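A.B. asks: Pasting a structure here, questions to come.
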Amino acid sequence: MPPPSTSHTPPKPPDHSRSPPPSPSDDSETDLDLDLDLEELDPQPTHHHQPSHHHSDSSTSRKGLLGGHHTSLGHSHSRESSLTESSAPRIALRTLRMRGLRRNAAGTKRSFSGSGYGLGHSRGDDDTEALLRSHNAGEGPSGSNPRYSDGGGSAGNSDEAPLLSDGSGKRHHRRHSSLAGDALRGVSGWRGWVSRLTGRVPAEVQRKRDEDLDKEDDDPSASRLVAVGSTQSTRFPPNIVSNAKYTAWSFLPVTLYNEFSFFFNMYFLLVALSQAIPALRIGYLSTYIAPLAFVLVITLGKEAYDDVERRRRDNEANSEEYTVLQFDSEAGRPGTRQRRALHSRKKGSNGRYVAERDRLADIQEEEESTENDGRGWRVTEIKKKSKDLKVGDVLKLSKGHRVPADVIILKCLSDSHSKHEDESLLIDHDSSSSSSSSSSRPGSGASNGETFIRTDQLDGETDWKLRLASPLSQNLPTRDLVRLRVTAGKPDRKVNEFVGTLELLPSRQDAMSGESFTASGAEDDDTNGLVKAAPLSIDNTAWANTVIASHATTLAVVIYTGPQTRSALSTAPSRSKTGLLEYEINSLTKILCFLTLALSVILVALQGFRNQEGNVWYVKIMRFLVLFSTIVPISLRVNLDLGKSAYSRFIQNDPGIPGAVVRTSTIPEDLGRIEYLLSDKTGTLTQNEMEMKKIHVGTVSYANDAMDEVAAYVRQGFHTASPNHLATPSSSLSAAAGNIGATRTRREIGSRVRDVVLALALCHNVTPTTDQDDHGNSVNSYQASSPDEIAIVRWTESVGLRLAYRDRTSMVLESTETGRVVVKVRILDIFPFTSEGKRMGIIVQFQERLQDDSGSGEIWFYQKGADTVMSSIVAANDWLDEETANMAREGLRTLVVGRKRLSSSEYAAFAAQYHEASLAITARDAGMQAVVAQYLEHDLELLGVTGVEDKLQKDVKPSLELLRNAGIKIWMLTGDKVETARCVAVSSKLVARGQYIHTVAKLRRRDTALEHLDLLRSKPDSCLLIDGESLSLYLTHLRTEFVSVAVTLPAVVACRCSPTQKADVATLIKQFTSKRVCCIGDGGNDVSMIQAADVGVGIVGKEGRQASLAADFSITQFCHLVKLLVWHGRNSYKRSAKLAQFVIHRGLIIAVCQTVYSIALGFEPEGLYKDWLMVGYATVYTAAPVLSLVLDTDVDEALANLYPELYKELTEGRSLSYRTFFGWVLVSIYQGCLIQGLAQVLTEVDGPRMVAVSYTVLVLNELLMVAIEITTWHWVMVVSILGTFVVFVGSVPFLGGYFDLEFLLTLGFYWRVAAIGAMSLIPTYAAKVIRRTMKPPSYRKVQSV
């Protein structure tokens, strides 16, 4: 819509001279101004004075601070006429501006004119100007302060200034009336002038100002404005990393809920509570309360210890110190906000303490800020802990620093520039001359604004990422960074997307305000009060947990902290994990409880449900339930928890896996039940260190020791007669021809080798840098976005051609033998690598002499890329496909290298077409690629093929093979490229030699996706290689169909996976298969996957410990996982299974004895063993021998590794199953009936003699049963069994209240005990021997081999 004509006369504005409406009656109405129409908030000039639209200075004053023209939102005549009749008061413009943050958060951005007063900013300067100029009623805009003017005579900051412009796009200049005239204008005007004269403001206005002083809570669903280097007006979350599961308030409720959600614990809670009823009480109350309390204390204590350890580790990460730039005024005072914070405070009407304003101080403050104009800032460095960093802080980062929060990169300074910055900006300047000279060089101290970051801890990609500082901030003196303001979107989890804006404002106060400003062009001088703006993208960011890889010093501003960082949003919250064994025991407990209830009802039924005096039949049932509560032994939880603690200690003290840490001690048994292993690639399977292993030049291949021959060819080919002469491809050819002593074939091979080495030394994006080692010596190193390129450039250096210098326009190569420059080129064009193109190219022009810059040298186009795309670009040949296939089978990452010579006219034609294509508005990238394909990418001379190896972690190949033989299906989930993942899968032997790899990439159609699944069903032994885009389609639309096929495959490789996708895959496998899933990773991008798994294993990586901190188990190398699963997992599960069943047997046998005793008494619910006998049986007399079973092993470690198939049996759960459980139930019934029945037959039905015999046999039976069950003896087992027997014998004299001690001294006691014990144990042992002989377990078979 075209703007209205400038001659248009604005409509008659409404008259605001009438009395105002009543004030809001309560605080809830204070925000009603947000809902008003903008036209109501735009007081136009009164009808008594028409503004001068065509004043000669109006255009100049109209720009004011904003440097741009405002357009109206369209005024309606009918709307204005209605407003004319209304009597709305003028609303404080400053208050409305403070609401701008909320409006911006809602997505409505409006450009306000004014000086940019921030939250709680003083208006003293505005009030003073109004008082001084109120007598000049007709003064035009020329009399206003040019910096704070918005085109009106009131300086734009008066509460009565127009907020919006009219439809003509020009500002109306309000004519100021005299003080007397204003005093006669009505209540609202009178109140405004009274407040100005007295320095006081109305109560409601004061209250609004007080509220403005208080920070508002951040709205995470809205965009945010971040003032660089200043205190923010919004309260953002702290920058704290937390992997803790509980808080001080949630610990007891959550842990108790988790404990009593198990039927096992709830049952015992009800039994314990029943003892509070006198009719149900049997023996001591503590007999039932104490065991339950002990169990809860042990469990809660273990959970508390684990969580405290997590918090301690979090504290280490949160306490890491960083350098932060602090911006103070030259006078040594902090900024405006800090000074105001020191003003006196008084309690406001809302109960908050608010700052009490000093009007004179505010006026002086504004004058000072006007004089400084935001430029007189001293920059100092302070140290802050990671947890103390806040949004807006400017960090100073250098190589190797982990980025603690999401940041926007402002400046990248090389080492020399950084030192200059330190000297010129980070110290105090006493003279103004030095300050002015420093700021007169805005580009001083600036490098090219580039830095590299490593993101493998965030997204798993191995390539370094190039990050750029915005030119707006890169060329700005460090002291002026406080004038910057960042507009960023709401926090989200998209690690590869970001859209924002960087604004350069006239002053720090403007940057701290919540106002929107109109940006000017780059050609405008910002000293005139204009605003500059630049877009921000993902290239200007560095997310939390990335690592600075460049040597340059990087200055960056924090924009997202703590839980709002990309890393945290991609991470699922910690959850409490429960082992599969716990669920199985919970199911068995329900069966035992049902048996208890059935037995109680049967015994009462056999009595005929008779009611006796004071003892009705249902009370008898309840008493029987209490008596038989030992069937569900409370000590089971105690023994299992103590066993888990023992397993954790064994793991942490194992010298074979040094550095192992158990962070979740509740699930060690699950290590022996893993069926799916989901592994990260980078840093887990690989070291992320590349090495050039092989090069093929068409007729001959070089690898290992043969590289010395390549170095000899390079020495010959780049030997120049004069130091001033440089080598070119043509001169290399002549040098080869001059090698008279060699055969023709050898000369051809030498020429090929020199050509491919030169191509590899030039065709890359690597930049040489100089490092210092620990001893202070200079060490040459390289930085690039791809570790492959670094590996190739290092290889060219090893064979004699070093990259000495590189910038955007030139490259210098020198001989490593002589140190002289041998090649110098001018870079004409670079075509960077893309995941779609899978190739990169470069056009260079060679210099023939060292000082020759004439630009008349040879022009060559070099290109390297994947064989799949380069095969159609290079000239016809008969060896490329075969050699690349051979290298791929070895797991090497292949690159095909080619070249093409261009004449000056050919390059000129290409450059013209390429430039024209780059200016296209639509389909620019496709057009540019078409030009490259037309002029360059055809008939390239094929130079050779390189093979780069991604170094694997120690013993990865045998580890994966052993785990696969153990029946574990292995998935590799990585954020890296498809080609990289394929190479690592082959080289690590995740994919067997000759195994078919089915690749699924870039799926977008449902029918195509189903076809791939059908093909995989027909090839169940194949490996699936799928990218993130296709995986997303399957997880969204074909979730069940995909997982049903994928879980049957022996191996799956997923590439380009986001952290969320990794967690989704783990959850999907768990839900579909109900099998145990283990996830292992080393980076921050693996945390979600680790926490979603049944068992999470973290590797302590080179770049951080985030995965290790969030994992259940932490190790230092992938190969340690084998011992963790195959050895410790096996032992933990087998031991816990045997321990659980033995404890159930121990409780069930005493319940059977009680049943036999009750039947003999005529079905009366009387206790057989009371008080101490019950407590002592489960603790002192049997606890130690039973617990010693945690030391038992069925096979040794060597056999477990030699026969990994033994692990496969564990996943079937045979050690603790319904079959084994009911086997133990039968043994308990047999032994209980025999012991109690014979004791009653051979002594008496009821009496101390019977109790003495049955109890003694019972204890001895348990000790000997432990001995029978032991497979491998340990000295602790012997001590515990013999020690317990001695303790029992020693305690007998103190059991006179239960035993007949005189009977114990007779021979009759001993033969009865021996006879009953033999009849109980011998058949049991004989049955076990026969079973092992007839059907030996697998471990017995391998032991006999």
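Here, residue 1 is simply the first one shown, and the rest follow in order.
Even glycines carry a Cβ here, placed using N, Cα and C.
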A.B. asks: Looking at 907-929, 1275-1297, which one is transmembrane segment according to TrEMBL?
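C.D. replies: TrEMBL lists transmembrane segment for residues 1275-1297.
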A.B. asks: Ranking 591-609, 621-640, 1251-1268, 1309-1330 by the number of C-beta pairs under 8 Å to the transmembrane segment (1221-1239), which range is first?
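C.D. replies: Ranked by Cβ pairs under 8 Å, first place goes to 1309-1330.
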A.B. asks: Is it true that the transmembrane segment (288-305) and the transmembrane segment (621-640) have 3 or more Cβ pairs under 8 Å, skipping pairs fewer than 6 apart in sequence?
C.D. replies: yes
A.B. asks: Under a criterion of three or more Cβ pairs within a distance under 8 Å and sequence separation of at least 6, are the transmembrane segment (1275-1297) and the transmembrane segment (591-609) in contact?
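C.D. replies: Checked: the transmembrane segment (1275-1297) vs the transmembrane segment (591-609), no contact.
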A.B. asks: So what's near the transmembrane segment (1139-1160) in sequence-distant terms, Cβ-Cβ under 8 Å and 6+ beyond its ends?
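C.D. replies: Same-chain contacts beyond the flanks: 581, 585, 588, 592, 596, 599, 603, 606, 624, 627-628, 630-633, 635-636, 639-640, 643, 1166-1169, 1177-1178, 1182, 1186-1187, 1189-1190, 1216, 1220-1221, 1224-1225, 1227-1229, 1231-1233, 1235-1237, 1240, 1245-1246, 1254, 1258, 1261-1262, 1265-1266, 1269.
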A.B. asks: Within 10 Å of the Cβ of Asp680 (active site, 4-aspartylphosphate intermediate), how many other Cβ atoms can you find? Include all protein chains, please.
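C.D. replies: Taking all protein chains shown, Asp680 (active site, 4-aspartylphosphate intermediate) has 30 Cβ neighbours within 10 Å.
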A.B. asks: So what's near the transmembrane segment (1251-1268) in sequence-distant terms, Cβ-Cβ under 8 Å and 6+ beyond its ends?
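C.D. replies: Here the qualifying positions are 1142, 1145-1146, 1149-1150, 1153, 1168-1169, 1173, 1177, 1181-1182, 1185-1186, 1188-1189, 1231, 1235-1236, 1239-1240, 1242-1243, 1277, 1281, 1284-1285, 1288, 1298-1300, 1303-1304, 1309, 1312-1313, 1316-1317, 1320-1321, 1324-1325, 1328.
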A.B. asks: What parts of the chain pack near the transmembrane segment (591-609), using Cβ distances under 8 Å and only residues at least 6 beyond its ends?
C.D. replies: 263, 267, 617, 620-621, 624-625, 628-629, 631-632, 1144, 1148, 1151, 1155, 1158-1159, 1162-1163, 1165, 1221
A.B. asks: Could you pull out which residues elsewhere in the chain have a CB under 8 Å from any CB of the transmembrane segment (1172-1191), counting only those six or more residues past its ends?
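C.D. replies: For the transmembrane segment (1172-1191), the far contacts come to 283-284, 287, 290-291, 630, 633-635, 639, 642-643, 646-647, 1135-1136, 1138-1139, 1142-1143, 1146-1147, 1150, 1251, 1255, 1258-1259, 1262-1263, 1266, 1269-1270, 1274, 1276-1277, 1280-1281, 1283-1284, 1287-1288, 1291, 1295, 1298.
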